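Novice: I have a structure here, written as structure tokens, and I will follow up with some questions on it.
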Amino acid sequence: MGKRAAGPPEVHTVGEESCQQVLRMPAMEPKGCNLIETVENLSDQFLHLTKRFLPHLARLCLISTFLEDGIHTWWQWNEQKESIKMSGSSSPLLPFILGMISSFGQLVGCVLILVQKFVPCACFVLFGIIFMQVLAFGLLWNLRFLMRNIALAGGLLFLLAESRAEGKSMFAGVPTLDCTSPQQYIRLGGRVLLLLMFISLLHFEVNVFTIFQDVSKMVLVILVAIGFKTKLAALTLVIWLFLINLVENPFWIIPANRPLHDFMKYDFFHTTSVIGGFLLVVALGPGEISVDKQKKQW
């Protein structure tokens with residue numbers, strides 16, 4: 001009474017037990033994916049801590065080439081006038097006028113950008129000075145310098161997009177952009193011009209280490225241009241270029257009277273401008289016209 005009849009014993013085959021164990025096992029993810037996710041989480045934490053001053057640092061880095069050139073033009077006035085004369089100018093007043101426009105235009109434009117006043121006007125002034133210098137200094141047929149001057153326009157496009165979105169931000173100095181706005185296309189153009197900006201830094205030397213560097217950085221820049229893993233790729237490039245810039249362009253240890261000093265200083269500040277462009281990409285994000293945004297919609 002009260003006892004249950006013993007039923008037939010349960011039979012588990014080896015195959016069934018193996019299947020049950022497999023089903024209970026957690027899904028294994030590739031180690032590479034885990035590493036990328038970890039790095040992305042660390043970069044997000046860094047951006048959260050630096051979101052208030054990162055855009056200001058990005059602007060300063062980006063306009064550093066214009067700022068240095070404006071000061072350089074003022075302090076080495078005679079050399080600048082001779083450069084304009086050698087480019088084919090016959091008028092004695094033209095070097096003076098162009099030098100004044102170049103120096104004061106760049107300095108005033110940089111100050112306005114730093115204090116965030118009349119930023120679109122300041123950007124268009126700097127656009128005009130880039131065009132003027134290409135013509136005045138005979139850079140139209142110098143592919144290297146022409147590419148570098150045109151590439152600076154990519155950074156200015158980011159500044160234009162940022163200035164139009166600044167008022168819509170929830171935090172002071174932290175821009176946000178609405179979808180389908182003209183700023184998105186400006187930012188897309190800026191990202192593409194950053195590719196050109198970066199190409200102007202490549203060495204094209206037949207050296208295994210240099211080739212490895214150039215190819216690796218080019219892959220990261222292409223990721224930024226198409227908007228895939230944008231913030232991580234841009235932040236990696238910022239750190240990489242910063243370290244390389246300190247090693248390859250230490251102009252401060254070269255005597256000022258040597259030509260190498262000016263060449264290194266030019267390369268240093270141009271690389272700093274490229275860093276500023278990528279910092280703005282980090283601060284602004286990939287935008288609506290990017291692979292990252294499309295992946296979220298999928």
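Cβ coordinates come from backbone N, Cα and C, glycine included.
Automatic, uncurated: that is what TrEMBL annotation is.
As annotated in TrEMBL:
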type: TRANSMEM; residues: 93-114; note: transmembrane segment
type: TRANSMEM; residues: 121-139; note: transmembrane segment
type: TRANSMEM; residues: 192-212; note: transmembrane segment
type: TRANSMEM; residues: 218-247; note: transmembrane segment
type: TRANSMEM; residues: 268-286; note: transmembrane segment
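Please go over these features one by one and say how buried each is and what sits next to it.
Specialist: Among residues of the same chain six or more beyond the transmembrane segment (218-247), those with a C-beta under 8 A of the stretch's C-beta atoms are 36, 39-40, 43-44, 46-47, 188, 191-192, 194-195, 198, 201-202, 268, 271-272, 274-275, 278-279, 281-282, 285-287, 289-293.
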Novice: Sort out the residues at least 6 away from either end of the transmembrane segment (268-286), same chain, that have Cβ-Cβ distances under 8 Å to it, and list them.
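Specialist: Tertiary neighbours of the transmembrane segment (268-286) are 47, 51, 54-55, 57-65, 68-69, 148, 151-152, 154-155, 158-159, 161-162, 165, 174-175, 177, 187, 190-191, 194, 197-198, 200-201, 224, 227, 230-231, 234-235, 237-238, 241-242, 244-245, 249, 251, 292-293.
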